[in-house]
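Asks: Below is the structure I would like to discuss, written out as structure tokens.
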Amino acid sequence: LTCLNCPEVYCRRFQKCRNGEKICFKKFDQRNLLGKRYEIGCAATCPEAKPREIVQCCSTDKCNR
């Protein structure tokens, strides 16, 4: 699996996921709309959203755009 992996909105850096990591995810805080920082990468399971966070998970190559 290959996922995007960088904190910017318009990410172009990809990462080959390690064994056991079968999920691509994108996570961000919905309160900070102007200076939005993303956490994007690979995971074994979909990360749990904290209050006011949005988490999106998928399982195909480069799907976490």
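From the backbone N, Cα and C atoms, a Cβ is placed for every residue, glycine too.
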Asks: For Cys42, which disulfide partner does Swiss-Prot record out of Cys11, Cys17, Cys63?
Replies: Cys17
Asks: Scan Cys11, Cys24 and flag the one Swiss-Prot records as disulfide-linked to Cys6.
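Replies: Of the candidates Cys11, Cys24, the one Swiss-Prot pairs with Cys6 is Cys11.
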Asks: List the disulfide-bonded residues among Cys3, Cys6, Cys24, Cys63 whose C-alpha is within 10 Å of the C-alpha of Cys42 (disulfide bond), in sequence order, or say none.
Replies: Cys3, Cys24
Asks: Taking the Cβ of Cys17 (disulfide bond) as the centre, count every other Cβ atom within 10 Å, in any protein chain shown.
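Replies: That number is 18.
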Asks: Measuring Cα to Cα, how far is Cys57 (disulfide bond) from Cys24 (disulfide bond) in Å?
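Replies: Per the Cα atoms, Cys57 (disulfide bond) and Cys24 (disulfide bond) stand 6 Å apart.
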Asks: Which secondary structure state does DSSP assign to Cys17 (disulfide bond), in the simple three-class scheme?
Replies: coil
Asks: Please report the distance from the Cα of Cys3 (disulfide bond) to the Cα of Cys17 (disulfide bond), rounded to the nearest angstrom.
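Replies: That comes out at 7 Å between the alpha carbons.
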